[in-house]
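Novice: This is the structure I have questions about; it appears just below.
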Amino acid sequence: MTAQIETVHVPLDGGRAYDILVGRGLLAGIGARVAALKARAVAVVSDETVAAEYGATVTDALAEAGLRTALIAVTPGEGSKSYAGFAQVCDGLIGHRIERGDLVLALGGGVVGDLAGFAAASLRRGVRFVQAPTSLLAQVDSSVGGKTGINSPHGKNLVGAFHQPSLVIADTATLDTLPLRELRAGYAEVAKYGLIDDPEFFAWCEANLAEIYAGGPARETAVASCCRAKAGVVVRDEREDGERALLNLGHTFAHALERLTGYQAARLVHGEAVAIGLCLAFRFSARLGLCPGQDAGRVANHLALAGLPTRLDQVPGGSGDADQLLDAMRQDKKVRDGALTFILARGIGKSFIAPGIEAGAVREFLVDELRG
Ligand code: NAD
Ligand code: GLY
């Protein structure tokens with residue numbers, strides 16, 4: 001049974017507007033919603049864990065709506081956001097005779113969404129795709145906004161394309177099977193929206209953390225609020241010429257950590273890296289005299305309460321030294337003429353884009369952070 005459905009509209013131009021539907025139990029009715037997009041065939045791209053849990057529900061619902069279906073499942077985890085994973089999905093789609101007018105449906109977390117979206121952007125020079133996100137992270141962030149791509153051995157998300165989905169269906173009931181560690185990791189991106197520009201939302205998160213985790217109505221409110229915030233940013237700055245970069249608060253540090261831990265989930269998953277990155281961004285801002293130290297403390301306290309790591313010494317196996325971290329940051333997509341751009345904050349909900357940050361200042365900060 002589907003309970004209440006929240007619809008967030010993303011009013012992009014050029015016929016690319018789409019809806020994000022948020023509600024419990026939406027997957028059961030996915031067939032009619034996807035059939036309304038007028039495709040003949042739908043290839044569901046998932047990972048093996050999510051496919052085992054929800055693959056049949058989705059392919060059955062699509063088949064009942066008269067659509068030809070195929071299911072392609074990759075190995076779970078960041079390792080599939082690779083050239084090899086991309087080849088597996090593209091060749092699978094071609095093998096299943098997915099044509100220009102057909103659809104790719106990404107069923108899974110952010111890894112599947114980014115990978116399937118990039119395959120859809122590339123297949124026959126572009127086919128439409130639907131996002132059915134099943135992790136908290138994917139429901140609040142990665143399924144919205146059209147950033148798709150894979151990692152290179154040189155760094156995160158360095159090969160990709162902007163390709164907007166035609167529809168996003170976020171069934172919050174799927175979060176009931178998400179491992180607690182992944183729920184927590186996704187929560188880092190929830191808190192991020194408050195930290196960027198919405199201090200009231202951050203305070204609401206502090207008050208509602210337990211219910212978001214327990215699966216009460218606050219969970220749907222959180223997902224819909226984040227989607228609304230992200231949709232607004234994406235419509236104003238789809239290609240990240242400006243304010244969209246704020247969504248990367250904490251991510252310059254996070255992407256470096258992911259690279260240095262070899263994208264190994266056993267050590268660090270993306271949302272955990274983001275949690276540490278958010279804390280580092282606030283502590284770095286405080287050190288530069290931009291942000292009150294008590295705000296940096298409040299961020300770290302809340303993320304720790306949420307069960308997330310907040311310091312470099314919490315990275316299992318170590319985070320690398322200051323020079324290794326700095327070197328990894330130089331591959332960030334926000335690097336211009338070799339100068340680092342960070343998202344810094346003047347306080348909770350007051351983040352801003354800070355170009356031209358001196359590498360020396362970052363290095364000294366990291367040395368002190370690593371000293372503890
Ligand atoms: P993920 O896709 O690896 O999913 C996490 C784990 O949870 C996987 O093992 C998966 O199998 C499992 N899982 C997912 N849904 C489940 C469910 N309902 N029940 C049981 N298990 C489930 O990781 P993620 O955290 O969802 O996404 C991280 C990725 O998203 C990173 O690659 C990151 O770069 C990307 N990302 C992209 C954007 C964007 O705008 N495109 C934004 C943020 C993050
Ligand atoms: N997650 C960052 C963005 O979509 O821009």
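Placement of Cβ uses the backbone N, Cα and C atoms for every residue, glycine included.
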Novice: HIS251, HIS270 bind Zn(2+) in TrEMBL, but which of GLU189, GLU200, GLU206, GLU358 does that record place at the same site?
Specialist: GLU189
Novice: Any idea what the model's mean pLDDT is for the domain '3-dehydroquinate synthase C-terminal' (186-335)?
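Specialist: A mean pLDDT of 95 is what the predicted model shows over the domain '3-dehydroquinate synthase C-terminal' (186-335).
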Novice: Let me know the DSSP-derived helix, strand or coil state of SER135 (NAD(+) binding site), please.
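Specialist: Coil, per DSSP.
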Novice: Sequence gap of 6 or more, C-beta under 8 Å: which same-chain residues meet both conditions with respect to HIS251 (Zn(2+) binding site)?
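Specialist: Within the chain, HIS251 (Zn(2+) binding site) has Cβ neighbours under 8 Å at VAL274, GLY277, ILE343.
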Novice: If one measures from the C-alpha of LYS156 (NAD(+) binding site) to the C-alpha of HIS270 (Zn(2+) binding site), what distance in angstrom results, rounded to a whole number?
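Specialist: Cα to Cα, LYS156 (NAD(+) binding site) and HIS270 (Zn(2+) binding site) are separated by 10 Å.
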Novice: Other than GLU189, HIS251, HIS270, which residues of the chain come within 8 Å of the Zn(2+) site, judged by Cβ distance to the Cβ centroid of those residues?
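Specialist: Once GLU189, HIS251, HIS270 are set aside, the remaining close residues are LEU137, ASP141, ALA188, LYS192, GLY250, ALA254, GLY271, ALA273, VAL274, GLY277.
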Novice: Can you tell me which of these binding-site residues sit near ligand 1, meaning the Cβ is under 6 Å from at least one of its atoms: GLY110, ASP114, THR177, HIS251?
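Specialist: Listed by sequence, the hits are GLY110, ASP114, THR177.
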Novice: If you draw a 10 Å sphere on the Cβ of GLU189 (Zn(2+) binding site), how many other Cβ atoms land inside?
Specialist: 27
